[in-house]
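What Swiss-Prot annotates here:
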type: SIGNAL; residues: 1-18; note: signal peptide
type: DISULFID; residues: 77-88; note: disulfide bond
type: CARBOHYD; residues: 87; note: N-linked glycosylation site
type: DISULFID; residues: 128-136; note: disulfide bond
type: DISULFID; residues: 138-155; note: disulfide bond
type: DISULFID; residues: 203-217; note: disulfide bond
type: DISULFID; residues: 205-212; note: disulfide bond
type: LIPID; residues: 209; note: O-palmitoleoyl serine
type: DISULFID; residues: 281-312; note: disulfide bond
type: DISULFID; residues: 297-307; note: disulfide bond
type: CARBOHYD; residues: 298; note: N-linked glycosylation site
type: DISULFID; residues: 311-351; note: disulfide bond
type: DISULFID; residues: 327-342; note: disulfide bond
type: DISULFID; residues: 329-339; note: disulfide bond
type: DISULFID; residues: 334-335; note: disulfide bond
């Protein structure tokens, strides 16, 4: 069997045996484009537990936004990790879209759960504010009285509704009394808290001749890039935990506690994990690592995106790459821009 075929087969087997959130595949599958118009497709979304299936049928008109949220979460993950050994690669020929990487309770798994949960809350909240779903809209729960010279107006985005959708849908399968479910619930909530803590006021001036006699203000979500940056910082400072078992009336329950007591206890906005990450230097179908061979590296950087670290000490190749680009652009009155086309040579460095 070819290496890629073996890799995909192993991915499929591992997701079937584990608790992989394979419903994330709805963001890249054929269901994504038609989910809102055909409610019966809820039953065809892979990996849904009964509670998620009921939620899908009850809120089918916002399910395209759920799919969109997963999609923007994946895209943001790939942006944030573009210069890392693990660059949030997805496997589009498998329902387990990240391969076996998320089978372990690592920092990477913590980040992916957080950014996906945040993406769902973000996309649903935005969709409601845009009026694309009849069951939701703008928020009427303003925080505080208007200040001097301004009043509440516009459409405050309803992050409480978006957060509820994310919580009810994403957390539905995380109800087992084991450590991994506890970790996933915590990191899902950290993603939602990232959105809620970054809500900010936007205001618009009203008055004669452009004056600002009065302002109307509303609550708005940040750009999702700010959420990605915030959660990436949380990834870098994630709290390592240990698993503890204790007996309750329902049986044995696993909980998490910080491994190191001299560090601060993680808050609901922090990411947590309890298993070490692989180094991702070499291809390994067991861990889901694709390795870093042929990855572009930054020869002038001493960081993780630099050739020394990204290439794991194997060295790198260099080549000259010619690119045709627009150049010497001139604005003409009125109103167009004319450009010439130039060939430029760039040095490209890739890992051996």
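Keep in mind that glycine also has a Cβ here, set from the backbone N, Cα and C atoms.
A map of Swiss-Prot features onto the structure.
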residue : record                      : CB count, 10 Å
87      : N-linked glycosylation site : 17
128     : disulfide bond              : 25
203     : disulfide bond              : 15
217     : disulfide bond              : 18
281     : disulfide bond              : 18
307     : disulfide bond              : 24
327     : disulfide bond              : 11
329     : disulfide bond              : 9
339     : disulfide bond              : 11
342     : disulfide bond              : 11
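The local packing around residue 335 (disulfide bond), expressed as other Cβ atoms within 10 Å of its Cβ over all shown chains, amounts to 6. Sorted by the number of other CB atoms within 10 A, the disulfide-bonded residues 138, 311, 312, 334 start with 334, the lowest. Within the same chain, residues at least six positions away from residue 155 (disulfide bond) with a Cβ under 8 Å of its Cβ are 129, 137, 138, 218. For the disulfide-bonded residues 128, 136, 335, a Cα-Cα cutoff of 10 angstroms around residue 307 (disulfide bond) retains nothing. In terms of Cα distance, the disulfide-bonded residues that sit within 10 Å of residue 312 (disulfide bond) are 351, chosen from 88, 203, 205, 342, 351. Reported as a whole number, the C-alpha separation between residue 212 (disulfide bond) and residue 128 (disulfide bond) equals 29 Å. Restricting the disulfide-bonded residues 77, 88, 217, 297, 311, 342 to those with a CA within 10 Å of the CA of residue 281 (disulfide bond) leaves 311, listed by sequence position. Considering only the recorded positions 77, 136, 217, 297, 298, 342, the residues lying within 10 A of residue 205 (disulfide bond) on a C-alpha to C-alpha basis are 217. When the recorded positions 128, 136, 298, 327, 351 are ranked by how far their Cα is from the Cα of residue 339 (disulfide bond), 327 comes first.
With all protein chains in the displayed structure included, the most crowded Cβ environment within 10 Å among the disulfide-bonded residues 77, 136, 212, 351 is that of 77. Comparing CA positions across the recorded positions 87, 128, 203, 311, 351, the one lying closest to residue 334 (disulfide bond) turns out to be 203. For the pair formed by residue 136 (disulfide bond) and residue 217 (disulfide bond), distance between Cα atoms is given as 20 Å, rounded to the nearest Å. Spatially, by CA atoms, the disulfide-bonded residues 77, 311, 327, 342, 351 include one closest to residue 217 (disulfide bond), and that is 77.
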